[in-house]
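Okay, so here's the structure we're looking at.
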Amino acid sequence: MSSIQNINSSHGNGNEAIVYKTYKVRYLGLFTIVFLNIASGFIWLTYSSVTEAAQAYLNCTSTFINLTSMLYFVAFVIMAPLAGWMFEAQGIRRSLLFGSLLQLIGAWLRYFSNWVESTPEHPGGRLALTMIGHIIAALSQPFFLSLPAKFAATWFSDKSRTTA
């Protein structure tokens with residue numbers, strides 16, 4: 001079983017045939033992008049689905065809980081141009097690593113906020129650390145949502161691109 005598949009494609013005047021090679025490892029990259037999108041969605045919607053429990057845990061109003069979801073939209077608008085530039089200038093691998101690092105830092109900050117004391121009289125610490133982590137994780141989302149089309153165009157043949 002070969003790990004390389006040859007793809008013939010003609011460009012230009014039709015007389016020349018360019019042979020592209022596709023590798024089985026492309027499916028690992030595709031799985032990684034899908035997994036990172038799922039992880040990003042989990043972080044994004046963690047508090048929105050359990051608003052009342054999150055309000056009690058973070059000692060805040062529903063406005064802050066709704067803000068956690070809206071931050072992702074704002075972050076996407078801000079970071080999408082940077083993500084697009086990074087795909088072209090630094091490549092897919094470095095872009096994914098950078099986005100993964102942002103998501104990891106944001107998730108860890110949110111996790112560490114569990115050990116910050118939060119009471120109705122002094123609610124600030126846990127909420128602040130959670131929001132900082134959430135913002136950092138939100139900045140990573142464009143690196144995962146904007147990448148599938150570029151990845152499919154780079155790593156998959158014309159015939160298998162729509163499947164990817």
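The chain as shown is numbered from 1 upward.
Backbone N, Cα and C define each Cβ position, glycine as well.
TrEMBL lists 27-47, 67-87, 94-111, 131-153 with the feature transmembrane segment.
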Within-chain partners of the transmembrane segment (131-153) [C-beta distance under 8 Å, separation at least 6 from its ends]: 29-30, 33, 36-37, 40, 43-44, 64, 67-68, 71-72, 74-76, 78-80, 82-84, 86-87, 92, 95-96, 98-103, 105-113, 161, 164
Residues from the same chain, set at least six apart from the ends of the transmembrane segment (27-47), whose C-beta lies under 8 A from its own: 54, 58, 65, 68-69, 72, 92, 96, 99-100, 103, 106-107, 110, 134, 137-138, 140-141, 144-145, 147-148, 151, 155, 164
Cβ contacts under 8 Å made by the transmembrane segment (67-87) with residues that lie 6+ beyond its boundaries: 44-48, 94-95, 98-99, 130-131, 134-135, 138-143, 145-147, 150
